[in-house]
Amino acid sequence: MNASANLCAASDNDPQPGDQEAAHPVACAGDEPAAFLPHDLPIFLVGMMGAGKTTIGRGLARALRREFIDLDHELEARCGVRVPVIFEIEGEAGFRRREAAALQECTQRRQIILATGGGAVLAAENRQALRERGIVIYLRASVEELFRRTSRDRNRPLLATADPRATLRELMVAREPLYNEVADLVIDTGSMPIATLVKSLLPKLQAYEKK
């Protein structure tokens, strides 16, 4: 059996730690009363690695009492291995195929907050699904801020280069037009506290009408 087959075989019965948290509504005792939206459209977060999609997504899910899904965690649960291992065994092309399949399924769910991977917008079919099926929020941050947030993270295969800052800059140049293409809302994350950022997002989501 080859490496790819081993990767597939693990997908059904070897979930990773943290998958349960990513697959259920995020709510804690003592939380403020839930905010409500006038629709059940899913909310999709896009942006570069380190933009805060997972952290902000959890905050939104808590505020709205919605299910939170991290697309990378979803892939890890299906494959039974971490994202860097998928890259190592199947390369970026193999990872993107798996990512696209998971995204197509997840974007059909209602009342979710979905944090996508930084490169999920590269495929045209992914961009179409994001645009047509929910509200897309582009979480924007500068290259310097992204570098500061990701510099100690060893689970970023695309940043395993001699100059991660330059790599981030190149990725930003290639991807930012695609983020803007799909975005219904653009939010600069900067150094704003997560709770403050989430609170500022809620009225925008309540007022937004998908065209």
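Glycine too: its Cβ is placed from the backbone N, Cα and C atoms.
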Response to the item:
Listed by Swiss-Prot with ASP72, ARG96, ARG175 as binding substrate, from among GLY118, GLY134, is GLY118
Worksheet, complete the sentence: region 'Disordered' per Swiss-Prot, picked from 1-23, 139-161, is residues 1-23
Worksheet entry | DSSP three-state assignment (helix, strand or coil) for ASP72 (substrate binding site) | helix
Practice prompt. Please give the greatest C-alpha separation between any two of the substrate-binding residues ASP72, ARG96, GLY118, ARG175, in angstrom, as a whole number.
Written response: 18
Worksheet, complete the sentence: Cβ neighbour count (10 Å, all chains) around ARG175 (substrate binding site) is 18
